[in-house]
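Among the features that TrEMBL reports, domain 'CstA N-terminal' is placed at A:39-597. According to TrEMBL, the feature transmembrane segment maps to A:124-146, A:167-189, A:195-216, A:223-242, A:262-283, A:331-356, A:368-391, A:472-495, A:516-535, A:547-572, A:579-599, A:645-667 (among others).
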Amino acid sequence: MHSATVKTSPAGKILWAAIAIVGAFCLGVVALRRGEPINAIWLVAAAIAVFVIGYRFYGKFVEYSVLRMDPTRAPPSVLRNDGLDYVPTDKWVVFGHHFAAIAGAGPLVGPVLAAQMGYLPGTLWILFGVVFAGAVQDFMILGLSLRRDGRSLGHMLREELGPAPGIVAMIGVLVLMMIVLAVLALVVVKALTHSPWGTFTVAATIPIAFLMGAYLRWVRPGRILEVSIVGLVLLLLSIWGGKYIADSATLAPIFDMDAKSLAWWLIGYGFIASVLPVWLLLAPRDYLSTFLKIGTIALLALAIFLAAPMLQLPAVTQFIDGSGPVFKGNLFPFLFITIACGAVSGWHSIIASGTTPKLLANEGQARLVGYGGMLMEAFVAIMALVAAASLHPGVYFAMNSPSAIIGTTVDHAATVISQWGFVVTPDQLLQTARDVGEHSILSRAGGAPTLAVGMAQLLHNIIPGEGMMAFWYHYAILFEALFILTTVDAGTRVGRFMIQEIAGLVHKPLQETSSLAGNLLATAICVALWGYFLYQGAVDPLGGINTLWPLFGIANQMLAAIALMLATVVVVKLKRERFMWVPGIPAIWLIICTLTAGWEKLSGPISFTAAANKYSAAMQNGQLLAPAKTQAAMQQIVTNNYVDMALTGLFMALIVVMVLFCLRALVKAWKTSHPTAHEEPYVALDSVASTMGVSH
Amino acid sequence: MNASFQSVRKWAVQTARLCCGVPDYEVYVKHLREHHPERKVPTYEEFFRERQEARYKGGGGRCC
């Protein structure tokens, strides 16, 4: 162990001072300039400066003082090298792999929704949330796992806190997973509703994947890159072909679906896709979506730098008071719930204790991968925010407000939104829809369509051309839908394993994952669980995202709080109590946010309870409230709200129970005078490197 | 110049494969030869298939 103090050369000091001054200046422009639009470059520059400084100083502090990462210590990849799962790997390769695994739809959706409060609140939370909470969580969980043979979060919770907290966390993760799948599938539903072009291109990915799967299986086995290029060309062709489908009078109606039928299709798809052999559908599409994801993120960054758009949305809107149309609720706590991924995401703790710790060749590289990887994700979130904020605010609100508020015609929508102070004409809304090749852009909440319009406008600025905006719009929709469907498919499989594991706690034989009947049953349960919430979202009076996204945020931040609490307990167990605030303060902050948000969703004007009461009161008076058209539909909405209440209550109970378990472990570790953490014993890297044949 | 292009290319290919759950085949073969000479060395196709199946077995390998 060593607590090295890092020496900086005079030139280095000047450089860091310069970065700090430039960053502070940019941040000042972003935060203080009012009344005139600012260029997105200010925001991007401020973000880069904050990330670089956070990485160099706070990240290093966590590395040396809190985790005490030791480059002389042999990591699991060396000690347990098997050439497959445990392999010492080049740090940049691990970084790329880790980033590809953590980056998903989350950082693209949350910031777009939160933009209703203006770009400033979201920016500040992403910047400071990631430096002090998100990146700390990812890095610390990775560091803990590195010292424990690359064990998973669940395993570490059981070891450090005891078996009961392990089970509580496992149930929490399963429920979170179901909400994630439902809300992501709902994003796809929102993007594809009555969009034959989009629906056709997304549907076309299925035969394309089959073709790629067959190619990989029989024609040229294992040539991933080659087949992905073929797949990409076919995808681009399907976007091009989608226009002809949408224009055709006979074919368009086949792909023109409402939210309910799309939800049913996705539920059916989820079941079939997750019982088919992986090589046929899941794996090939996974390759395609991974490459497309990285490529599109790079494209978005390039577009923002080249187009340097002005931010048309105000820095702060009146909706910080909680009356916003996109989601209800005050800045505190709902901003911190809405932007989960990008600032702090509990899900990452599963990845940081998954494959990554088994690949790192040296503890000294953990900061780059754990802390740095999360900073990259925060940068993606900032770009999503820029794409949303550079849209005309009227267009932004037209796309993200539910039809219960802005109606279903452009005239009505333009009137309502103009009254909010974001003056927009019906023609502007119609023209935007026409530009992107759609009939309507109204009430397409969920982030993906807004981001797609933003991206399309940015890219169109750089590469102009007739009809190109519609192409870019459908490209962006396709790219999001593609990796969301991959997540749905893979997530259903993971959910199935978790259900079997939990069932195995009750009755051992149920754990048998090779039984076909057991698999089908567990898959059906899993699909039914997320499918219920997806369908509920599709028929929700406020459009679904409004209801489900807060649930997702609460669950994801709950998991982050659990991961950070584990880190706090371990820091105390290692007898480094004076640093327990490093994971402890973000943990407390997330506990406060999730419990407050949960409470507001249980009681008060924006709660599920209030919504249930409103509909049941109307039922007793024999009234029908939109969108319900029958008494049965009214009853359904009431029941859905009760289920959401129960779920919110469950999340709150889970977090309170975990807090109690952690406090117990903390007090016990505090009173013990020697370290009690379950670290594997120290083995010097030098002593094994030669015999294991590791080269540096 | 050519050497650095080669190493960037190697890095890109290795990263892209790993992102899809396929680790370096040569490293695995080397590991087998050094530590388990009694085991049969799988062909790249067999190796690829085994890894493809393994990637989607349990564990939360991806994010929201």
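Here the Cβ of each residue, glycine as well, is placed from N, Cα and C on the backbone.
Automated prediction, rather than curation, is the source of TrEMBL annotations.
Among A:368-391, A:516-535, A:579-599, A:645-667, A:516-535 has the largest number of CB pairs under 8 A with the transmembrane segment (A:167-189). Among A:195-216, A:262-283, A:331-356, A:368-391, A:331-356 has the largest number of CB pairs under 8 A with the transmembrane segment (A:547-572). Remark: the transmembrane segment (A:124-146) makes no contact with the transmembrane segment (A:223-242), by the rule of 3 or more CB pairs under 8 A. With a cut-off of 8 Å between Cβ atoms, the residues of this chain six or more beyond the transmembrane segment (A:195-216) that come close are 188, 222-224, 227-228, 230-231, 234-235, 238-239, 241-243, 245-246, 251-257, 262, 279-281, 283-285, 287-288, 437-438, 470, 474, 477-478, 481-482, 485.
Here the listed stretches are A:223-242, A:262-283, A:368-391, A:472-495, A:579-599, and the one with the most C-beta pairs under 8 angstroms to the transmembrane segment (A:516-535) is A:262-283. Residues of the same chain lying 6 or more positions beyond the ends of the transmembrane segment (A:645-667) and with a Cβ under 8 Å from any Cβ of it are 160-162, 164-165, 168-169, 171-172, 175, 179, 551, 554-555, 558, 561-562, 565-566, 568-569, 572-573, 591, 594-595, 598-599, 601-602, 607-609, 612. Only residues 6 or more beyond the boundaries of the transmembrane segment (A:472-495), in the same chain, are considered here, and those with a CB under 8 A from a CB of the stretch are 104-105, 108, 174, 177-178, 180-181, 184-185, 187-188, 191-192, 195, 197-198, 201-202, 205, 235-236, 238-239, 242, 266, 269-271, 273-274, 281-282, 285-286, 288-290, 292-293, 296, 435-438, 448-449, 451-453, 455-456, 459-460, 523, 526-527, 529-530.
Per-residue confidence over the domain 'CstA N-terminal' (A:39-597) averages out at a pLDDT of 93.
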